[in-house]
Amino acid sequence: MCDPTRDDGSSRSRVVSTMQKRAYFQRQWPLVDVVRASVVVIVHFLCLLAPFNFKWEALRFGLVLFALTTLSITFSFHRNLSHRSFKIPKWLEYPWAYSAVFALQGDPMDWVSIHRFHHQFTDSDRDPHSPKEGLLFSHILWIFDTQYIKYKCGGRDNVLDLKKQWFYKFLRRTIAVHILMFWTILYLYGGLPYLTCGGGVGIFIGYHVTWLVNSACHIWGSRSWNTKDTSRNVWWLSLFTMGESWHNNHHAFESSARQGLEWWQIDITWYLIRLFEVLGIATDVKLPSELQKQKMALVR
């Protein structure tokens, strides 16, 4: 088999051939894919049970869970760890990364590796969640085919910076323990209402909000920048995604800590980063220069 990390023509043709012939549900499913699919199915099942176990208190908890875990994903996994768009002390970096684990989107190494591959191979045959393979694939199905991702992108050698840190190695080994403990405590505290209206609804919203950035934000919306991909700005998702849906902005200036580049573009994650910068906690906060903006601007 050819090395999937190479960019020569033979590698690319093999990937395209595999895409055309791949039978999604008839393939062999390794344990990691079965676990991932099971978790997603359970979350959706709990969400369906929510109306039968409804409590306002539990629903409020679910909305808070969604907001905190989604903000943790965008602040920590995405802008801090994936793109290094700002620096914060480890005493702040690690708690935010730990909080993001409870969004049930994987450990930091896994999430960051996938996202870095997405930017390296955006919209190509080797993009982990390429829109070229369909809306459903880019939205959710890619999550359950780790062997396909490995074949397209190669190993996780793009997160060596995280592999060197004990905390992220520890989280990778023990993530299941932390998640099971959290859901056990949730049930012991609030019973089925907190499992369904709380955890189920909260994680369900967080899932689809995140996945819409991968799918919808490469199909619908407006473009402000001349990027060599299909990224779009989707304004109506900006509040729910904590600013991540200004996706054309993001692909134009990947290392920018701010994605809502206009004053009217809601970007809650940026507001948090800016707060830490004002307090002197966040440093080396990266923003696009006016010259960079001029070079990337679409000719109107």
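Every residue gets a Cβ built from N, Cα and C, even glycine.
So that you can see what the record holds, here are the features copied from Swiss-Prot:
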type     : residues : note
MOTIF    : 78-83    : motif 'Histidine box-1'
MOTIF    : 115-119  : motif 'Histidine box-2'
MOTIF    : 247-251  : motif 'Histidine box-3'
TRANSMEM : 39-59    : transmembrane segment
TRANSMEM : 61-81    : transmembrane segment
TRANSMEM : 175-195  : transmembrane segment
TRANSMEM : 200-220  : transmembrane segment
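For the transmembrane segment (200-220), the list of distant contacts is 40, 43-47, 49-50, 59, 61-66, 69-70, 73, 103-105, 118, 123, 129, 131, 135, 138-140, 229-234, 237, 240-241, 244-245, 247: same-chain residues at least six beyond its ends, Cβ to Cβ under 8 Å. Within the chain carrying the motif 'Histidine box-2' (115-119), a Cβ under 8 angstroms from the stretch's Cβ atoms is held by residues 77-78, 82, 126-129, 149, 153, 158-159, 214, 251, 254, all 6 or more beyond its ends. In terms of DSSP secondary structure, the motif 'Histidine box-2' (115-119) contains 5 helix, 0 strand, 0 coil. Across the motif 'Histidine box-2' (115-119), the prediction's mean pLDDT works out to 97.
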